[in-house]
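Engineer: Before I ask anything, let me first share the structure, which is written out below as structure tokens.
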Amino acid sequence: MAEMKNLKIEVVRYNPEVDTAPHSAFYEVPYDATTSLLDALGYIKDNLAPDLSYRWSCRMAICGSCGMMVNNVPKLACKTFLRDYTDGMKVEALANFPIERDLVVDMTHFIESLEAIKPYIIGNSRTADQGTNIQTPAQMAKYHQFSGCINCGLCYAACPQFGLNPEFIGPAAITLAHRYNEDSRDHGKKERMAQLNSQNGVWSCTFVGYCSEVCPKHVDPAAAIQQGKVESSKDFLIATLKPR
């Protein structure tokens, strides 16, 4: 049986019904080499603070539900292990989002941004009786990396521009738009570029690159945004040269 140790975890809590501002609470949690932060939060809720609020679902870094700040770095709780934080751990709600309660944030703008870029195949008239819509490996390679997003919101918590401008559609939405724009089956690029070319689109990004650094799926949203800027520049150049 693995040897159990104890770790003091600072959880920044907030209940809008009784608190005027977030405050810290400290909990002593037993752990071994396999204990994740999500396990620790479950222990706290079951044994120490039944009213602690946080999101979780799959426990396997697939659903993206358990994003939070760990020592000021956006992380998934299920992929964060206490063994790596023997000097202490501070857990907070994701940065740059309004806090609903404790570690739960309001993702409304995030979801609306994803919806706004129309994340689905547009203008493909192929029917089921025509068979599968086959792509070559090269065609799939253009967008495959950008299709791995799990909508966890870590890139928004990492993005300094989203922190300054909450209307910025953000890394995940731009990446998703680029994913579909690069899909050979899709014909909706013109519709999405209206969003990417807008004031709160790709040009709000100053290319810090922290969004790619914290991405748990190595999607590289920073690269997608820069490629989006290239496409936006093409649109601008064509519009400039087109006869009026």
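Yeah, the Cβs are placed from backbone N, Cα and C, and that goes for glycine too.
Summarising the annotation, Swiss-Prot assigns menaquinone binding site to Y14, Q226, Q227, G228, K229. According to Swiss-Prot, the feature domain '2Fe-2S ferredoxin-type' maps to 16-97. Annotation comment: Swiss-Prot describes C58, C63, C66, C78 as [2Fe-2S] cluster binding site. Positions annotated as domain '4Fe-4S ferredoxin-type' by Swiss-Prot, on the basis of sequence analysis: 140-169. Taken from Swiss-Prot, the feature [4Fe-4S] cluster binding site applies to C149, C152, C155, C215. For C159, C205, C211, the entry in Swiss-Prot reads [3Fe-4S] cluster binding site, with the evidence type experimental evidence.
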Engineer: Apart from its near flanks, which chain residues at least 6 from the ends of the domain '4Fe-4S ferredoxin-type' (140-169) lie with a Cβ under 8 angstroms of it?
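Structural biologist: For the domain '4Fe-4S ferredoxin-type' (140-169), the sequence-distant neighbours (Cβ-Cβ under 8 Å, at least 6 residues beyond its ends) are 61-67, 69, 74-76, 94-97, 105, 107, 109-110, 113-114, 116-117, 175-176, 178-180, 182-184, 195, 198, 200-201, 204-206, 208, 210-221, 224.
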Engineer: For the binding-site residues listed here (C63, C211), which one has the lowest count of neighbouring CB atoms within 10 Å of its own CB?
Structural biologist: C63
Engineer: What is the Cβ neighbour count of C149 ([4Fe-4S] cluster binding site) at a 10 Å cut-off, with all protein chains included?
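Structural biologist: I count 23 other Cβ atoms within 10 Å of it.
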Engineer: Looking at the binding-site residues C78, C152, C205, which sits with the largest number of other Cβ atoms within 10 Å of its Cβ?
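Structural biologist: Selected residue: C152.
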Engineer: Taking all residues of the domain '2Fe-2S ferredoxin-type' (16-97) together, what is their mean pLDDT?
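Structural biologist: When the pLDDT values over the domain '2Fe-2S ferredoxin-type' (16-97) are averaged, the result is 98.
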Engineer: Quick one: what's DSSP say for G228 (menaquinone binding site), helix, strand or coil?
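Structural biologist: Going by the DSSP assignment, G228 (menaquinone binding site) falls within a helical segment, counted as helix.
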Engineer: For the domain '2Fe-2S ferredoxin-type' (16-97), give the DSSP counts of helix residues, strand residues and coil residues.
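Structural biologist: Reading the DSSP string over the domain '2Fe-2S ferredoxin-type' (16-97) gives 17 helix, 23 strand, 42 coil.
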Engineer: Using a Cβ-Cβ cut-off under 8 angstroms and a sequence gap of six or more, which residues of the chain neighbour C58 ([2Fe-2S] cluster binding site)?
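Structural biologist: For C58 ([2Fe-2S] cluster binding site), the qualifying residues are S65, C78.
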Engineer: Please report the DSSP secondary structure of C211 ([3Fe-4S] cluster binding site), reduced to three states.
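Structural biologist: SS state of C211 ([3Fe-4S] cluster binding site) = helix.
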Engineer: Check C149 ([4Fe-4S] cluster binding site) against DSSP and tell me helix, strand or coil, would you?
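Structural biologist: C149 ([4Fe-4S] cluster binding site) sits in coil per DSSP, no helix or strand.
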Engineer: How many Å separate the Cα atoms of C66 ([2Fe-2S] cluster binding site) and C152 ([4Fe-4S] cluster binding site)?
Structural biologist: 7
Engineer: Determine which residues of this chain, when C159, C205, C211 are set aside, have a Cβ within 8 Å of the centroid of the [3Fe-4S] cluster site's Cβ atoms, and list them as they appear in the sequence.
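Structural biologist: Nearby residues not in the site list: C155, Y156, A158, P160, Q161, F162, G170, P171, V208, G209, Y210, P221, A222, I225.
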